[in-house]
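Annotated in TrEMBL:
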{"type": "ACT_SITE", "residues": "Y392", "note": "active site"}
{"type": "ACT_SITE", "residues": "D432", "note": "active site, proton donor/acceptor"}
{"type": "ACT_SITE", "residues": "H530", "note": "active site, proton acceptor"}
{"type": "COMPBIAS", "residues": "133-143", "note": "compositional bias 'Basic and acidic residues'"}
{"type": "DOMAIN", "residues": "85-119", "note": "domain 'SAP'"}
{"type": "SITE", "residues": "N434", "note": "site 'Transition state stabilizer'"}
{"type": "SITE", "residues": "D504", "note": "site 'Important for catalytic activity'"}
{"type": "SITE", "residues": "H530", "note": "site 'Interaction with DNA substrate'"}
Amino acid sequence: MLQSLKFGLYNFITSNSVGVILRKPKFQVLVSVNLTIMGSKKRPFSTSSATAKSNEQMSVAAEKGVSKENGGKSGEILVEDMETVEKMTVPQLRVKLRSLGIPSRGTKQELVASLKTFLDRKLDDAGNGSVAQEDKVSSKESLEVADNISKKKSRKVPSKNRDQGDVASEVPTTRQTKKGVTEGETKDTSFDIIVKQAEITQEMSIESKDIKGKKNVRAKRKVSSVTASAHIGVSEAVDLSVNQDEPWTIFAHKKPKDGWIVYNPKTMRPPPLSKDTKHVKLLSWNVNGLRALLKLKNLCIQQLADREDFDVICLQETKLQEKDVEAIKECLHDYKNNFWTCSVSKLGYSGTAIISRIKPVSIKYGLGIPDHDTEGRLVTVEFDNFYLLCGYVPNSGDGLRRLTYRITEWDPSLGSYIKELENSKPVVLTGDLNCAHEEIDIYNPAGNKRSAGFTEEERHSFETNFLNKGFVDTFRKQHPGVIGYTYWGYRHGGRKTNKGWRLDYFLVSECIADKVHDSYILPDVDGSDHSPIGLVLKL
């Protein structure tokens, strides 16, 4: 293959093997990636590689249908050392990153950083394996091959299609499902990626095999990340077999920053307080229709109470009518203090409630402003040490038709109301506030600049009317740089791939922010498109 490339005959190359070798003094990992893509339209081809010298690797290649006769024709893209990575061109870097299943968009500096992170991580993960030998090809020849392959691909794929997304697929350590293809395209267009961890030597080698096809067909582009801890990409083609039991642990973000990690309540929650420490445990949950939720046997609020042993739970979007409330109360055995408000302007819409086993000092419904109080969006209870507000902030809606109402009327009115309450006692405001405040709070920030819940106007209003008035976002204070979503849309199955939003909050007066022991999310509780959130507050 190298000889063919040197004579400019890359249109006739039929290699199905790509290798990447990083020279390090201690060990080497061989990862085999099987790819199936579409090749030249002129004629089908199928060649093979026998880069490795060990008998074991040759036997594996033979089992895969790889012939020894074609072993010398494989095109290898090699990385001699970190300096070589720095010298690679942008097309070379993109070719290499794509072959590894790593996002290939961004500046040269970002591409270099992504490749270095991947290679360093592979070295760190190499462990204590046996020793294998690999053929070595010069860095100069490797870069030449990468350059030619890049030119060949640039002629096959229009530039506007190359720039639309990041890399095609995730590379798990076990197996990868076929990559999605745009509707109407042939079934032969797919990436079937299987990664194997092989023997360990003094170098790292990554070898790709089985590239063949008959047509040049464009496949859908998808973003991928090597691992959550690498923070170099986001998986749109997530290997659900790895995280299907705990999808909230998938590192999913389209524009991650260095140092970000994904929230996992199993490892990030502090130990519970001792019984001698006086405290209150609060939960909040947008249930997206309470009657439907109570029909699910294993997700009844009473069972959630048995599991979490909360003192108070605040509910939003109950969608109840006043005639339904009494029937719901019968399900809550240990919580005798129930305070419900329902929408009267539109039946079966909105609605909030506070359910408590602690008897409050006083209760108030709404803001006291008729224009805002017909949809059942706010309940306030006064306890001995603080006010608790359960709020469901109006969504700006399709076409942002209620955006002006929200940012010019509702938010300022609510901000003034809680600030007035704060004059007598600290305030805890919780609920679905319908705003992803920062880019870390939403999976796809760039694609939702004009979506309800993430417009510049709503985010600015959130800061102006709540944060700038001295109220603290408790989850973000406790978990800076942590991606923790509380809402996943049903439409695209966002919960399964952790493509979500953080819309639910506990905001507290600054004077009690240091008394917060834990601000957390319960992403394993489903039954709604939101998950419950919790707050443990020392008294």
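One is the number of the first residue shown, and numbering goes on along the chain from there.
Placement of Cβ uses the backbone N, Cα and C atoms for every residue, glycine included.
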In sequence order, which residues at least six apart in the same chain have a CB under 8 Å from the CB of N434 (site 'Transition state stabilizer')? Y392, V393, P394, N395, S396, A452, G453, E458, L503
Spatial neighbours, same chain, of H530 (active site, proton acceptor) - Cβ under 8 Å, 6+ residues apart: W285, N286, V287, N288, D432, T486, Y487, L503, D504
Take the domain 'SAP' (85-119) and count its residues per DSSP category (helix H/G/I, strand E/B, coil), listing them in that order. 25 helix, 0 strand, 10 coil
For the recorded positions listed here (D432, D504), tell me which residue's CB has the most neighbouring CB atoms inside 10 Å. D432
How does the model score the domain 'SAP' (85-119) in terms of mean pLDDT? 80
Among all protein chains shown, how many Cβ atoms are found within 10 Å of the Cβ of Y392 (active site), not counting that one? 25
